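Written below as structure tokens is the structure these notes are about.
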Amino acid sequence: MTSAVDPAPAGAMSGLFGRGLLYVAVASVPFLSAVVVSPVLAYQLGPRGFGLMAAAIAVHQLLLVVSIVGLDQALVLQRAEDGDDRAARGLIAAGIAIAAATTLMAGVAGPLWSRALGFAGFDGLVLATVLWTLPAVTVQLTLALLMAQDRLRAFSWVTLLSTVGSQLVGLVLLFTVGKTAEVYAWGGVGGQVLAMAVGVALTRPDWRGLVDVPVFRRSLQLGIPLMLAGLSAIVLSAGDRLVIQRLLGPAETGRYQVAYTVGFVAVTVLTLTGHAWGPRIAAVRDDAERWALIGRSRDELYRALAPIILGVVLGAPLLLRLVAPSSFEPTRLLPVVLLVVLSAVPVVAGLASSRALITARRTRPLAVATAVAAAVNVGLNLLVVPAWGLVGAAAATTVAFTVQAVLQRRALPPGLVWPRTPARLQVGLVGVAALAAASVLLPQDAGWIAVRTGLAALCIPWVLHGLRRARRAPAA
């Protein structure tokens, strides 16, 4: 049921858009640093090498989701329900053990799956990708507990070590050892190992969690559907690149990755926002207040999203030329950026419904919805990429995100009074999307790029005003 609900508690809203946004800012560092590093990699590796690196990252994300089994979400909810850290620390230990086993199995089977995914074989790049798994899982689990404990400084240090540190090590190796995707990937592994050591020291995993069967079983009941949803989400978000690599080759994959990096800014930040807000939403134990908080925060994100969509599309011509050389053909990538950034609208809707389902421990519908959306994404990509190329891939992914949001909304508990998004806000989003689409038709010469960039800069204070408004808004 969709209806008006009781207002969200003012303190909770202030927490989400106050200290909660500090966690979002820190959690966004990996993406922001990737935006800075991507131009360097694009110039140094070229379209083919950059495409191989993108494919390796997609495989890494797949292994990460399989290994973590949703335990990062489970330990946040477990801690909120228990009011202490004991069981949550035990879940970190269990997650480390699972990640070690997954790494071993993926390495043994590497020669079988590496060629099928377009790699040259089980070479150094694939080996580095596999060995990346254990430290990355450990880091993600420790970050989840640090966020739940509200230890912002420790959370920040581990995040910086695992991202900026890894990238710096990779770049040093890139310029001193060899300009290949394999060399850069090994640098990433080294940085993650350092971050893992710091994260373990800060959270002190409780190895008794390996034999705490009741907690582990309950966590897997929550986490396995989340893992399946995560696997489908990898296909949903990265399946287009794997299809492009298979059908059009690594060079086109590299071009698509550049456009996707620029356009996916909004989606990435919003997804990180959903994760960062998870502990604060889970801490609201009254169901009615929690639904109201989720609905209110969703609408405030929609308000912030409008200038983000417009600003990203207006600034994309300059950004594309900054992050990649002319061999990436940036002029034809602007429609791809538009379609990718528009997918942020259904992503916000999906984040709200997924948070409601997770806090209610109803994660199976998430797995089903994401699996269906992933199948739609791959099917549409296989259908449209041969004819429409990169634009078709971006359109297919946007449609798939919409399918996911609709299915998750329909899976909410029958008696739940779900907050409506105001009609005025919906109309405003449609208008901004239409304006952004129209701007794609403008020329991309130097003069027009300067005009576009100036208009994009004006969207920044618009976003900041919306965030300040959300933080100060009364509960009523």
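Any Cβ shown, glycine's included, is placed from N, Cα and C.
Per TrEMBL, the features are as follows:
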type	residues	note
TRANSMEM	21-43	transmembrane segment
TRANSMEM	49-71	transmembrane segment
TRANSMEM	91-113	transmembrane segment
TRANSMEM	125-147	transmembrane segment
TRANSMEM	154-177	transmembrane segment
TRANSMEM	183-202	transmembrane segment
TRANSMEM	222-239	transmembrane segment
TRANSMEM	259-283	transmembrane segment
TRANSMEM	336-354	transmembrane segment
TRANSMEM	366-384	transmembrane segment
TRANSMEM	390-407	transmembrane segment
TRANSMEM	449-467	transmembrane segment
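Highlighted: of the candidate stretches 21-43, 49-71, 154-177, 449-467, 154-177 has the greatest count of Cβ pairs under 8 Å to the transmembrane segment (183-202).
In this chain, the transmembrane segment (154-177) touches the transmembrane segment (21-43); three or more CB pairs sit within less than 8 A of each other, excluding pairs fewer than 6 residues apart. When Cβ-Cβ distances under 8 Å to the transmembrane segment (390-407) are tallied for each of 49-71, 91-113, 222-239, 336-354, 366-384, the top count falls to 366-384. Where the transmembrane segment (222-239) meets the stretches 49-71, 91-113, 449-467, the count of C-beta pairs under 8 angstroms peaks at 49-71. Nonlocal intrachain contacts for the transmembrane segment (49-71), taken as residues 6+ away from its ends with a CB within less than 8 angstroms of a stretch CB, comprise 41-42, 91-92, 94-95, 98-99, 102-103, 106, 117-119, 125-126, 128-130, 132-134, 136-137, 140-141, 179-181, 184-185, 219-220, 222-227, 230-231, 233-234, 238, 241-242, 245, 249-254, 257-258, 363.
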